[in-house]
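Visitor: Sharing a structure here in structure tokens format.
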Amino acid sequence: MKYGLLFFSILSLLIGIVLSYISTITVFYQDISYGNGSIAYPPQNWRYQYWSVLSKGFPNSTIFLPNKEINITGVHDIYLNKSSFYVFSVYGYIQPYAILSILGLFLIFIGTAFGFRSSILLMQERVLGELSKGYAVEGSLSRYILKRFSSLVISISIVSVVVYFLEIIQGINPVKDIIDLLTFNEGLSKLGISVDSLLLTSLSYTSLLSGIAFSLTVYLSAFLVMRSIGSSGFLLTLIQKWKYIGNALASWVIGIALLYTFHYYLGILPIGSPKGHLIFYIILPLLSLFFPYIGIFANRIIYTVGSTSDINKAKGLSKDIIVYRHVVGNLMVVTLSTISSAFIEMLIAEFLIEAIFFWPGLGYLLRFSVDSGDIRVVEGILLIYSTIVLISNFIADVIYGIVDPRVRR
């Protein structure tokens, strides 16, 4: 069971990261239409392709006439000198698998949460053997999941009501807007491209960066805590002091320091949209994210353990049983209950990091949309963020119910 859970968690995590990476892959794409008249119209559905606007730029177009061709920057209707047969070609780079970023993001979250759980169980079994087994009065898992799902539906309904009244205030038809929301049709941005296209292509890069950073943070924090627990050595002192680095130097502060040191001063690491190997472009944003959060998350775990002096005062049981059965068992449950909030905290920090390093994710898209006054894209980003928050909380609650049967009662 423990090894099966560990295998499932690692598999989910790896599949999530791979899907997130695949969703960032760009390919050259060309959409063609033809007609006869004095106005050349672009292909009807060109706006709804997954154009890689932030990473590869806006698509361009070429109009082929019987005796010449017209190259255009961007895509728009062209008035011809006279009525003529034409071929309208729109070309650029798209991310055909961008929709996989949604599945990838949640698989990474699920794999990380279950991975933390299975790692603790294996450590308990390795140290305590049969004494690691515990027994608890449990309730119905299906009833618990149904209760959590009803809370999710209520939360989404509240968000929908808020959106409904906001649309009324702005003079927009709220019924049509809610229908568009439910059908994942956010309309067109000021760029003339589908808002959904911009959101999904940006979410691909956000999913990849947050997935790697979050999994590294959780696993490395758990490893450091497990190595230092029950002792008062250098590692425990380092972890306890590390939180001050994370609190005093936020991700964006560390990001700016890394930006000026390794990009502008030394010139050894690139920033912006990946134009070569993606790994070189992700290093600085990744370090900015997970470095401060390792200390913060590790101390959040340490806080639930309590001081080592309290552990040593316990009577009647060996230190291994106290630490690895009772303390670590409680640590596992408490940490899992807050893992979704840690995920959301890192996601908020990532928005700032993406804007600093011009990483083509949702954070950079938000900055670009605010600067250009594109309210439709801003609303879409806020809706995606709210959805991620609600669904990740639901997933965390379900995992919490599986891990700790007592909460089902």
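The count begins at 1 with the first shown residue.
From the backbone N, Cα and C atoms, a Cβ is placed for every residue, glycine too.
Note that TrEMBL annotation is computational and uncurated.
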Visitor: For which of the residue intervals 5-22, 149-166 does TrEMBL record transmembrane segment?
Guide: 149-166
Visitor: May I ask you to check whether the transmembrane segment (350-370) and the transmembrane segment (245-266) make contact, with contact taken as at least three Cβ pairs under 8 Å and only pairs 6 or more apart in sequence counted?
Guide: yes
Visitor: Could you check whether the transmembrane segment (278-302) and the transmembrane segment (205-225) come into contact, where contact means at least 3 Cβ pairs under 8 Å with the two residues of each pair 6 or more apart in sequence?
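Guide: Per Cβ check, the transmembrane segment (278-302) touches the transmembrane segment (205-225).
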